[in-house]
Amino acid sequence: MSGKIGLYTGSFDPVTNGHMDMIKRASHLFEHVYVGIFNNPNKQSFFTFELRAQMLSEAVCALPNVTVVSAEHGLAVDLARELSVTHLIRGLRNTADFDYEIGLEYFNHRLAPDIETIYLMATHDLQPVSSSRIRELIAFRAPITGLVPQAVINQVEKMNENNKKN
């Protein structure tokens, strides 16, 4: 897809190996991929915005055509226009994701008809992985190895060490 620029967005609270799979696959399809980290106004964040951006940046650092951009507030289509993005990239794990994305795509297309949306299906073994499930595991200090990038594991270990000291 020469000349095509993608934008993959999320709250990444925290970034998971499911997200990373989407980002890596998109990096092979697009000349450049921006990963936009947003706050979800409907959710209470587990990690701070800055920490989520840091973990995500560390996780994608080996991908030369991927750039993390912070957009704490606003719409993905506004960021897409600002970055001259040609495609919004969305990941689908299941039919619930699909149903949600249909409504989102309708409004994205109304707001930015020149920006296409493409969907990537989650790899089968990563379909159950979600940030909310990872947060549950973290809260119970259950192992998250194999489910998240090393940057997240490092941060969780650091948090656990700090909690032991307090």
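Cβ from N, Cα, C; glycine included.
The DSSP secondary structure for VAL129 (ATP binding site) is coil. Listed in sequence order, the residues of the same chain lying 6 or more apart from VAL129 (ATP binding site) and placing their CB within less than 8 Å of its CB are THR16, ASN17, GLY18, LEU147. Positions annotated as ATP binding site by Swiss-Prot: SER11, PHE12, HIS19, GLY91, LEU92, ARG93, GLU101, LEU126, GLN127, PRO128, VAL129, SER130, SER131, SER132.
As annotated by Swiss-Prot, substrate binding site applies to SER11, LYS43, ALA76, ARG90. Cβ neighbours of ARG90 (substrate binding site) (same chain, under 8 Å, six or more residues apart in sequence): TYR8, GLU101, LEU104, GLU105, THR117, ILE118, TYR119, LEU120. In the three-state DSSP scheme, ARG90 (substrate binding site) is classed as strand.
Reduced to three states, the DSSP call for HIS19 (ATP binding site) is helix. Annotated site 'Transition state stabilizer' per Swiss-Prot: HIS19, in sequence order.
In this structure, of the binding-site residues HIS19, LYS43, the smallest number of CB atoms within 10 A of the CB marks LYS43. Between the CA atoms of SER11 (ATP binding site) and LYS43 (substrate binding site) there is a gap of 9 Å. Ranking the binding-site residues ALA76, LEU92 by the number of CB atoms within 10 A of their own CB puts ALA76 at the top.
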